[in-house]
Each structure stands twice: as C-alpha cells, then as structure tokens.
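The annotation active site is assigned in TrEMBL to 295. The Zn(2+) binding site annotation in TrEMBL covers 110, 112, 137, 276. Summarising the annotation, TrEMBL assigns domain 'Phosphomannose isomerase type I catalytic' to 6-154. If you look up TrEMBL, you'll see 170-257 marked as domain 'Phosphomannose isomerase type I helical insertion'. For 337-381, the entry in TrEMBL reads domain 'Phosphomannose isomerase type I C-terminal'.
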C-alpha cells in the first residue's frame with residue numbers, strides 16, 4: 001500500500017463572511033453531495049473549498065490504509081509523486097492551490113505582486129505579505145460569475161467622467177484633462193495619465209469620498225424610483241457595492257475597471273499587477289501558493305493604497321480581451337485546457353457525455369488534483385486494486401504518470417476539473 005499514489009481527499013471549507021449562505025453556495029452543495037454526514041447550516045457562509053497543501057487548509061487523505069497524514073505531510077515523504085520536473089522546480093512541494101469559491105459579497109479591489117515585488121514586500125512588511133512568492137490566479141465560472149478585471153479602454157473612462165460628476169470631482173479637472181489629451185498620444189502617455197487619475201481617486205480624503213458617494217447614491221436611487229434606467233453608469237452595481245461597503249472608495253473603481261460577466265466555462269486570468277475584484281457567483285480557482293494580496297478597497301482587511309497605485313499595470317484593454325480562452329485537446333475530444341503563461345499551474349476541464357461508459361484520464365508528468373462537479377463514477381488505476389467511488393464534490397489526488405480510468409456509475413454527463421503543473 002505504501003506505493004499507492006491515487007487516493008481520495010477530504011478538503012477544507014473556509015467560512016469567510018463574503019461567502020454565499022448555506023445551500024445557496026456551490027461550496028456547500030459540493031460538500032453535502034460528497035459527504036452524507038456533512039451538516040450544512042443555512043445561516044453560515046460557505047465561501048471557499050481548498051484542495052491542496054496550504055498550511056491553513058491542508059487536505060486530508062481519506063484512506064487510512066495509505067496514511068493518516070495530511071496531503072502536505074504525505075507529499076513531503078513521497079516527493080517523487082510530484083514528477084521530476086515539478087519536484088526540482090518547486091523544491092519538492094505542490095506549487096498550486098485549487099479552490100471552489102462561492103461569492104455573495106464583493107471581494108476587495110486588489111492585485112498580486114510579481115516575484116520581485118513579493119520579495120521586497122515580504123522583507124518590508126512580513127505581517128502583511130507573509131511569503132516571497134507571486135500569486136497569479138485563474139477563475140473559471142461554474143455559474144454566472146461577475147468580476148472586475150484590468151483597466152477599461154480610456155474612451156469608456158472618459159465617458160464616465162462626463163456622466164458621473166461625483167466621480168469626476170474626486171479625480172479633479174487637471175487629471176481628467178490629462179487623460180483626455182492622452183487619447184491621441186502613445187501608450188506611455190495613456191498609462192501615465194491613467195495612473196495619475198486612478199491615484200487621485202484612491203488617495204482621496206475619506207470625508208470627500210463619502211460625500212460624493214452619498215450624492216451619487218441619492219441621484220441613482222431617485223432616478224431608479226422614477227422608473228429611469230441608470231445602466232449607462234452601472235447604477236445597479238454601484239448601489240449594490242455601496243450597500244455592501246458604505247462609503248468605500250472601491251465603489252468608484254467600477255468606472256475604471258472592466259466589468260466581466262462570465263458564463264459557465266468562461267475564465268479570466270489574473271496575472272501580476274492586474275487590478276481585479278470578484279463580485280458575485282461561483283467559480284473554480286487555481287493559484288500559485290502564496291498569500292500576497294495588495295488591497296485598496298471593498299474589504300475590511302489591511303489596505304495598502306501607495307503600493308497598489310505604484311505596482312499596477314495601467315495598460316487599458318476592452319473587457320473581451322480579459323477573457324482567457326481554453327484550447328481543445330487534440331488527444332481527447334472531451335478535454336479543454338486552460339494553460340496560463342506561468343509555470344505554477346494549468347487547469348483542465350473534462351465534459352464527458354453520459355453515453356460514454358468509461359473515460360480514461362490522461363496520465364501527466366505532474367501530480368494533479370481532480371474535482372467531480374457533476375456525475376458519479378468509480379475510479380480504478382493499475383496500481384490500486386480497490387475501486388474508488390467518486391460523486392459530485394469528490395476530490396482525487398493523482399500522482400505523476402498515474403493512469404486513471406473512470407467508469408460511469410449512472411449514464412449522466414460528467415463535469416470534472418483537474419489542476420496540475422505542466423512544465
């Protein structure tokens with residue numbers, strides 16, 4: 001049994017305040033489906049499901065015959081299971097954390113540092129930046145998912161400055177004029193003007209922000225009550241964010257950042273220095289192993305406005321350019337691959353029709369974690385004699401170069417996500 005490298009995991013649920021409540025949460029539903037003994041409380045938030053080796057949420061191996069250790073402890077003793085490239089590149093550790101998120105309340109205007117900045121921040125303020133690693137992330141929608149990502153085209157921002165005087169008041173006439181003039185200039189001039197405008201907003205006095213936000217909320221509310229649409233200035237979203245975070249500077253960030261409405265299967269990749277926020281919905285997320293987040297609004301946590309304004313990528317782009325499209329596998333008609341330009345992780349999505357009786361999971365030269373979102377199967381592998389039953393919410397660790405076969409227990413479509421590291 002010591003050599004067994006395919007086994008089911010029991011993963012960690014995080015009940016952060018911004019999560020969806022009870023059975024409204026995909027996290028809670030996955031937990032309840034995979035564990036009949038799980039007690040779901042309708043008055044508690046189920047925000048995140050962690051699948052990996054993070055010290056604050058290390059998964060447990062469900063098969064006591066293999067080990068009573070956590071996954072992280074087991075990998076430390078069995079580093080070859082990672083695959084030679086992953087083992088050597090990431091010092092014998094699993095380089096990613098795989099998650100499911102269920103977001104009810106907006107989740108902070110933030111960005112993540114690159115490795116160079118992460119090292120610097122960790123040295124300067126380890127209490128706020130606890131490690132020296134970068135933290136690229138990818139979110140793939142499970143339900144309709146709304147988020148902010150990257151700076152809007154300047155034309156859109158200038159339009160908001162005209163239509164929303166409360167927003168323009170915080171930016172100031174000089175910075176507004178510079179932004180308008182930059183539209184006919186080179187990309188460097190645009191980025192400089194955008195940085196100036198965004199910094200003016202984020203460094204505004206709290207008292208002035210509250211005044212202008214209250215004026216805007218009052219104006220939108222009156223227009224909506226009169227039956228007028230305020231969609232042209234994102235009125236509904238502004239009211240929603242203000243209700244969640246009254247008087248918060250982050251409410252105005254919607255006029256700078258692209259609003260993305262992802263359909264299930266659509267993704268956004270959040271590389272270093274890209275401003276973003278998750279607003280609402282359920283998603284699968286994969287990220288490099290780090291806790292480094294620089295925040296500036298829509299959060300009760302530590303805010304670091306100077307660092308955020310200095311670090312951001314101020315290159316504007318239309319919202320459609322922020323979508324991260326998967327590639328279809330040439331070897332497997334049911335497989336889509338989300339492969340971002342970072343070494344730490346890749347996510348695979350498998351959509352297998354119920355008419356297929358058996359599905360072979362691709363063997364990889366990397367350890368991987370597999371999540372069953374839909375369907376019921378039994379997993380078998382040449383190195384394991386017993387079958388492993390998996391249903392909705394089930395999670396499987398697969399060691400490098402292990403081949404796994406999934407037999408459909410019922411003829412219903414499968415939806416499976418798998419995180420790995422393709423070097």
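Yeah, the Cβs are placed from backbone N, Cα and C, and that goes for glycine too.
Within the chain carrying the domain 'Phosphomannose isomerase type I C-terminal' (337-381), a Cβ under 8 angstroms from the stretch's Cβ atoms is held by residues 6, 9, 30, 34, 51-52, 75, 81-86, 89-90, 94-96, 98, 100, 134, 136, 138, 140, 142, 265, 267, 269, 271, 284, 286-289, 324, 326-329, 331, 387-423, all 6 or more beyond its ends. Annotated pair residue 110 (Zn(2+) binding site) and the residue listed as 'active site', C-alpha to C-alpha distance, rounded: 4 Å.
Cβ neighbour count for residue 295 (active site) (all protein chains, 10 Å cutoff from its Cβ): 22. Summarising the environment of residue 137 (Zn(2+) binding site), the number of other Cβ atoms within 10 Å of its Cβ, over all protein chains shown, is 24. When DSSP labels each residue, the domain 'Phosphomannose isomerase type I helical insertion' (170-257) comes out as 68 helix, 1 strand, 19 coil, counted as helix, strand and coil in that order. If you take the Cα of residue 276 (Zn(2+) binding site) and the Cα of the residue listed as 'active site', they are about 10 angstrom apart, rounded to a whole number. Those same-chain residues not listed among 110, 112, 137, 276 yet with C-beta within 8 angstroms of the centroid of the Zn(2+) site C-beta atoms are 111, 135, 270, 274, 275, 293. In this structure, the C-alpha atom of residue 137 (Zn(2+) binding site) lies 15 angstrom from that of residue 295 (active site).
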